[in-house]
Amino acid sequence: MELFNTLSKKKEKFNPIDGKTVSMYTCGPTVYNYVHIGNLRTFIFYDILKRAFELEGYTVQHVMNLTDVDDKTIKGSQETGTSLEDYTTVYTNYFMEDLKRLNIKDNIKFPKATENIDEMQSIINELLKKGYAYEADDGIYYDVSKFNDYGKLSGMTVNGKYSRIKNDDYDKENAADFALWKYWTENDGKVYWEGKLKKGRPGWHIECSAMSLKYLGKTIDVHCGAVDLIFPHHENEIAQSEAYTGQKFVNYWVHAEHLLVNGQKMSKSLGNFYTLNDLVQQGFNPLSFRLMVLDSHYRNRLDFTFDSLKKYEKLLKKIDLSIKSLEKTEKYEGNNNNARVQQIQDQVNKLLENFKAAVNNDLDTHSALVAFFSLLDLCDSTAEKGSIDNLEYKLLKDAVDKMNGFLGVYVEYEIPKDVEELAEKREEFRKQKNFVEADELRERINGKGYYIADLPRGFVITKNYVE
């Protein structure tokens, strides 16, 4: 398996520290508001990378932080008259619901910044002792000029000390220095910690270092985020972590590109700022957005439009129909050595080979989808016969399950009993050639949010999709 490593600026063969386990840290949201679809593109990328590791047989230790203390969360809690914990819990719950709707696997540890303050203070004290940090009137800062490798991830360099920035928000000595600990001001209200340091709160960058070191160790396999985090966030994480431990922080840095909306950067002022709920309210299935994300390489910008999302709704409908049609097809015990079964096996093996090669080629999810839809076409042509050999069915179904286990674009769901009963009545009318009554029942089923498709033998029911 090869991944593009931002640190080396090239594709590298992936070799984990532990032969069987992958340690993976991913930057999570600041839980002050609803996450937008640009954020969600990145979180889907995390999920796909983890699934790729699991496809290779690795066990993944995945940690994603929740930033629940910063200027935005403090301001939001004060404006709503709630505690910081209550305020951030609301948006944490919304975030978790979005992950569930996008079929993002939940085998993730979600530490909160506020639960790891002691670890942050210990790191800061050690950086002060080693001379990598200094105290100013308003807080404690990291001195980037003391870290010789500063800029190795982003290419940004610091050319010596700058004079004190008098008009800066913070009392730092160098424009590139960053806050490790911010001393309390009245604007912080009741949000502060004491203990090993003066009354205050952590800076943003130290949070991720502390949680990665605590839960995954001094050196980890993979650290991910969006490209806008390369500098300064990830550059600063490297500086403080490696100064603290004296060891390499991360072996593979992997970053996802931005999402645009109609070719423009997403912003509330342009009226093109969307959450997952905005898509759902327009009738779209959340998995159509997941499918859209997978059809673009994670290192390419993704241009979101509602017209393109409709295309992925149609593809999602095809996936649903193909899988359900295969499952509904009548099976029989046949000759396991016949030429037809061998032909199916050869075709399936070739598609699986292409699929795995795509996944292992720096997560070429577009090519993986091409193999998946070719497999579904094979399922359709087989199901059209009305009945298939049990072994044929198993070959096809196992391959579908394996590919979807990586892609995660199909999730089984139950059809309501009343909808199934209407569909059975409609099937009786069809057999009686009473098509007027059958069409009326089709409309009733459609009104309940479901679609019925006729097969050579019987029917299948799916959810409605945006046309």
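The backbone N, Cα and C atoms fix where each Cβ goes, and this holds for glycine too.
All TrEMBL annotations are machine predictions without curation.
What TrEMBL lists as Zn(2+) binding site is C27, C208, H233, E237. For E237 (Zn(2+) binding site), the Cβ neighbour count at a 10 Å cut-off comes to 26, with all displayed protein chains included.
What TrEMBL lists as ATP binding site is K268. Classification of K268 (ATP binding site) by DSSP places it in coil, neither helical nor stranded. The Cβ neighbour count for K268 (ATP binding site), using a 10 Å radius over every protein chain in view, is 8.
Mean pLDDT across the coiled coil (309-361) comes to 92 in this model. According to TrEMBL, the feature coiled coil maps to 309-361.
Taken from TrEMBL, the feature domain 'tRNA synthetases class I catalytic' covers 14-311.
Look at TrEMBL and you will find 29-39 tagged as motif ''HIGH' region'. With a threshold of 8 Å between CB atoms, the same-chain residues lying at least 6 positions outside the motif ''HIGH' region' (29-39) that come near it are 66-68, 70, 72-73, 75-76, 87-88, 91-92, 94-95, 98, 226, 258-259, 266, 273-277, 279, 289, 304.
Outside the motif ''KMSKS' region' (265-269), and at least 6 residues removed from its termini, the chain residues within Cβ reach (under 8 Å) are 36-38, 258-259. Feature annotation from TrEMBL assigns motif ''KMSKS' region' to 265-269.
Annotation for C27 (Zn(2+) binding site): spatial neighbours M64, N65, C208, C224, G225, A226, L229, H233, criterion Cβ-Cβ under 8 Å with sequence separation of six or more. Helix, strand and coil content of the motif ''HIGH' region' (29-39), in residues and according to DSSP, is 3 helix, 2 strand, 6 coil.
Shown in sequence order, N65, W204, H205, E207, S209, H223, G225, L229, H234, N236 are the same-chain residues outside C27, C208, H233, E237 whose Cβ sits within 8 Å of the Cβ centre of the Zn(2+) site. Cβ neighbour count for C208 (Zn(2+) binding site) (all protein chains, 10 Å cutoff from its Cβ): 26.
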